[in-house]
Structures are given as structure tokens and as C-alpha cells.
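Pulled from Swiss-Prot, these are the features on record:
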type: COMPBIAS; residues: B:1-23; note: compositional bias 'Polar residues'
type: REGION; residues: B:1-27; note: region 'Disordered'
type: BINDING; residues: B:His131, B:Arg132, B:Lys147, B:Lys154, B:Arg155, B:Glu156; note: substrate binding site
type: REGION; residues: B:177-206; note: region 'Disordered'
type: COMPBIAS; residues: B:177-188; note: compositional bias 'Basic and acidic residues'
type: COMPBIAS; residues: B:197-206; note: compositional bias 'Gly residues'
Amino acid sequence: MSAPKPPKGHFNILYFATASSHTGKDMEALPAPLPLRKLFDTLEERYQGIREAVLDHSLVTINLGYVDMPSSEDEDGEDNVTVIQEGDEVAIIPPVSSG
Amino acid sequence: MATQQPTQTDNSAQAQPPQTNPAKPTEISEPGIYVALTHDHLNYQSVIDRVRSPEAGAIVVFAGTTRNNFNSLPVQHLSYTSYAPLALRTMLTICRSILTKHGLKGIAMVHRLGVVPIGEESILIAVSSPHRQAAWRAGEEALEECKAKVEVWKREEFGGEGGGVWRANRDGAVGVKVDEPRIGKGEVDEKEDEGDSGNGGNDRKS
């Protein structure tokens, strides 16, 4: 998949497998910047139930690197500084099934 | 200023993942290693030739083929999708590690994407080593690592009202049914197999 460049002020988010089924999309552009810890809330607002059905079982990458999802209760934590930037490529990675 | 992602450019010393085109094979090679994703039929000879070496006394090839059932449910066909640039990067990382660990002369890993008719090869792995023991072990380990980590997803279509499911290798869990787009919760939760892990999730944390 080669995603088109996101519009100005946006990042791309890619949905695979169950994430794609749940959203009905392979990808979309969302407004940036967005703190990583707010990503799941943002998606839950748009796709009710996605957290429990998909996100809780999935990993997240930013620009092809895995990132730890900060827990939302820990808003002041040192680990919560990651911010998704304009032009970034974020992906929801459900459990894989190659082979 | 906003914080930089620590993960963005760490691996810049590695081979750059190529731009991916779903219609074309995508591959990375370096000495002793070849990884690829392709929509074409898989070819044993070419995979074997990728690892052939005058210093090798053994080549082991694993072929994964698409099965016509899952727990007795008839599967009509399977299709695979991937996050190609990331999947290739992960395949390369796995192959580098196994090449070194088992002293291999070569390792090749090719995964097919798109619809794979029942009974056809969806993955080929070939390894070569001076002696057979290392090749057997490396071949098995390469496959297990691939199934655990490579960002490829299998969808099984059961046909009729059975719809389809995204498979998860972990615990053999069934993902969300995909016969219809869904917004909101509905029966999704019932279709999730929580498995032993409690979340059926990926087993890798970075």
C-alpha cells in the first residue's frame, strides 16, 4: 500500500484487517497534530465500539515504527509526550496472520 | 515544540523499504537474504536458487499451502493483505537474525498476497546451511517468527451465510466477521475469541 500524501494539517491513518472491517476504510486523513494518547479516543468517537472490538487487541505504528500506547489515565506521565505530526503515517496493526 | 517521534528514523542504516505497488512484487535483498511479497504464484525453483551456495550441504524449503477448512468449517478461498513496507522490514529483521543465529548461507522468505486458491502456496521459506541440522531448525524458526510478527493478514471466506473472518495466528483466534461493514458494537464482541492471552492481541511490544 502506498498511501497518498495527507492534506495539509493532517496525518494518514491506515486500517488493516479487523480495523478496516470496522471502519469500512483502508485509510483516511485525520487532523494533526494529535497527541498519541488521544488517538484511541478520537477513533472511538468516530467509530463507536472500535476500542473494544479492535484497538484493545492491536498495536500502533507511526512512520513504520511501533509505539507504546500511553494509558489515558496517565495523562501527565513522562511517556505521554509523543505527538502525531502533520504528514505522519499511523497504522492500526491487529493481530497478524501470515503463513 | 512538539516532541519528535523516537521511532521515526531509528533504522535509517537499514535498507530503505521500497515504495510499494500492489500490482508488482515487492522485495528486498542483501547478501544471503531475500524477502518479498508478491501477487503472483510462488515459484519453488527461484526461492531455492536464492539460497543456493557451494558452501551449503543442505537446503530446506517450507511451503505453506491454503487449507480448505478451519476447524471443519469449509473455507472457499483465502486472501492475504499486508502493510507492505512494514511487513518487508519485519521479514528482513527476522531473516537477518536467523541467518546469524544458525550460521546460514542463505535465507529467502516470500509471501503471496491477494486471493490464494485452496491448495496453493501462500508462503515459501528456503534456508541453506553447511549441515542439515541448522537448516531444519532455522526453517522452522523462520516460519514461526514470520507467523508471529510479519504484518500480513489472512481472511478466510466461508461462502454463503458464513461470511468471512480475519484470522489471527495467535491462539487461532477469529477476528471480526467481515461480511458487512459495521459501525458500533453489535455482535462484534461475541465473535472475538478472547483466547488465553486475555486480549487475543499481538504478542509483540516494542
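Backbone N, Cα and C atoms are what each Cβ position is placed from, and that goes for glycine too.
Here the binding-site residues are B:His131, B:Lys147, B:Lys154, and the one ringed by the most other CB atoms within 10 angstroms is B:Lys154. In the three-state DSSP scheme, B:Arg132 (substrate binding site) is classed as helix. Of all residue pairs in B:His131, B:Arg132, B:Lys147, B:Lys154, B:Arg155, B:Glu156, the annotated binders of substrate, the farthest apart have Cα atoms separated by 38 Å.
Here B:Arg132 (substrate binding site) comes close to B:Gly57, B:Ala58, B:Val60: these same-chain residues lie at least six apart in sequence, with C-beta atoms under 8 angstroms from its C-beta. Using a Cβ-Cβ cut-off of under 8 Å to chain A, the binding-site residues B:His131, B:Arg132, B:Lys147, B:Lys154 reduce to B:Lys147, B:Lys154.
With a cut-off of 8 Å between CB atoms and residues at least 6 apart in sequence, the same chain places B:Phe70, B:Val75, B:Leu78, B:Gly164, B:Val165, B:Arg167 near B:Glu156 (substrate binding site), listed in sequence order. Here the Cβ of B:Arg155 (substrate binding site) has 21 other Cβ atoms within 10 Å, regardless of which shown protein chain they belong to.
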